[in-house]
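All remarks here apply to the structure that follows.
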Amino acid sequence: MDPGFSMDDIAPIAILMDELRAEDVQLRLNAIHRISTIALALGPERAREELIPFLQDSVDDEDEVLLALAEELGRNFEQYIGGAEYAHILLGPLENLSAVEETLVRDKAAESITKISAVMTQAQIEQFYIPLLNRLSHGEWFTSRTSSCALFPSVYDKVSPPVQDELRRSFATLGTDDTPMVRRAASKWLGPLVKNFSKPHVLGDGLAIYRRLQLDDQDSVRLLTVEDLIAIAQSFSPAEVKEHLLKQIRQTVGDKSWRVRYMSASHFNELAEAVGQELVREELIGHYVQLLKDNEAEVRTAASGQIPGFSKLLEKDVILNRVVPCVRDLCQDTSQHVRAALANQISGLAPLLGKDSTIEHLLPLFLHLLKDEFPEVRLNIISKLDQVNAVIGIELLSESLLPAIVELAEDKSWRVRQAIIEYIPLLANQLGKSFFDEQLGNLCMSWLGDNVYSIRESAIVNLKKLTEVFGVEWAKVQIVPKVVGMGQHPNYLYRMTTVQAITVIAPSLTLDIVRAEILDNLLHLGNDPIPNIRFNVAKALEVFAATFGDTAEGRQLIQQKVLPVLEALKNDSDADVRFFALRALQKAHEVGA
């Protein structure tokens, strides 16, 4: 044997073969995830001559293993077999994987083939990729024909015109396949393929394939043609859309299957932008109103989600006359999901309608939705109120909506209470100090005693944000005394909240305020009988050391007051308290160094 050639050079492929034949699926899976390492150990030539043929023969396995193989081969695997000039060798095992029964494996194999095509030259594509595509698209089993549909778009603009003609003919054949799954795949991939067509070919082949699929008897095929319609419309001028696609738009939006109408509603804004302003005014507004009034709640939900986007393309009086009456009806919709979708989008109409029309038409609807029995509806309205505020101003907003917001602050659903808390700093910024203190100050403090931890946590963060909005002097008067006062409460959860609130708020305060108002009370809680409170005190002191340890005054305070308490806590009977006390001591010594 060559002295420079060791057993290690032979072993990798043998180990892989053994592991891929193992009974344990996990072993086989691990082996597949290591094939790049094995390829590296073998070197490019042996990887091409031994590893790839072996992988090509090992497609009779669990779907999980095949999926991993399809994925690994698409991860720039060509670099392990000698670079892009040998990339076509990887197509062999992937071709086999493209024909297996499991959809996930086929999709991943097709995705990997597409990635490999990106590094192939035109000569490689025409010599190796196109024959593979032809074999798959004429395969006996529908599985290979289905996979082939995904492989057309990535190489169409990389091949010569005669090959392009051949590809269009092959794709057209797949669009009329006897098996619905193949036609469905053709519908899915027609849009991306059409984007690579020249205008005459879109008008010829692209339109012909689309029209056949759009009239398919299976709604699972027709619903995928909505995106094809948009792709074709984007390549046409408004006049060409009117001439060639108007009939198809009407058929799709009014399809007898709710699933097709749902897809139309979900993509309505894209369609509207693609067809041009004139057709939106003449044709699409009527279809949109029809979708907003659809019999199926799912369709109305999808259409509601498009309201502001579509309304941007309309004049104000058209919105008021055609869209707002539908919105009014949807506020009373029997489906909570429709009302929730509407609540999420309705505020987007305010900037389009302006102040007066918003006050007259939308404000009553906001109030109605704020009182909806379904929490998600109320939540969606609250989270988008800033758009309305920008249009009508805070005075009107607070006058009309504040009572409803205060009511929601005590809502039985904690998620609604949480949404209100997150909205408070924004509201505070707009209301100003005095109005806020009068209307919402006590409310903010009451949340600190909420029985849901997430609310108490959000309330603490809220106080920090309010300190940033109104300044430390306001916090000294309005927040600090109330937070510190809770530290004397007999219920340990209130005392815990005090410690957590101090931990979060202290970095936003000045050293003088912390020293005068907070520190002694915090240190006193270090002797609390509850271990959870003691270790939270240690955490708070760590934050304190990190925040104020960069000044001489802060370091002196840490030496005098903080360190003695932490020294006591590090000998605590509770392990968690000792751990956090030691960590805080370490931080205190670091900043004091």
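Using the three backbone atoms N, Cα and C, a Cβ is placed for every residue, glycine included.
Residues or ranges marked as repeat 'HEAT' by TrEMBL: 245-283 (among others). Long-range contacts of the repeat 'HEAT' (245-283) within the same chain: residues 210-211, 214-215, 219-220, 222-227, 229-230, 232-234, 236-238, 290-291, 294-296, 298-300, 302-303, 305-306, 309-310, 313-314, 318, each at least 6 residues beyond the stretch ends and with a Cβ under 8 Å from a Cβ of the stretch.
Sequence-distant neighbours of the repeat 'HEAT' (284-322) (same chain, 6+ residues past either end, Cβ-Cβ under 8 Å): 249-250, 253-254, 258, 261-262, 264-266, 268-269, 271-273, 275, 277, 329-330, 333-335, 337-338, 341-342, 344-346, 348-349, 352-354, 357, 361. Residues or ranges marked as repeat 'HEAT' by TrEMBL: 284-322 (among others).
What TrEMBL lists as repeat 'HEAT' is 323-361 (among others). Mean pLDDT for the repeat 'HEAT' (323-361) in the predicted structure: 87.
Per TrEMBL, the feature repeat 'HEAT' maps to 362-400 (among others). Same-chain residues lying 6 or more positions outside the repeat 'HEAT' (362-400) and placing a CB less than 8 Å from one of its CB atoms are 324, 327-328, 331, 336, 339-340, 342-344, 346-351, 353-355, 408, 411, 413, 415-416, 419-420, 422-423, 426-427, 430-431, 435, 439.
The feature domain 'Phosphatase 2A Regulatory Subunit A helical' is assigned by TrEMBL to 365-511.
The feature repeat 'HEAT' is assigned by TrEMBL to 401-439 (among others).
The repeat 'HEAT' annotation in TrEMBL covers 562-593 (among others).
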Per DSSP, what is the helix/strand/coil residue tally across the repeat 'HEAT' (362-400)? 33 helix, 0 strand, 6 coil
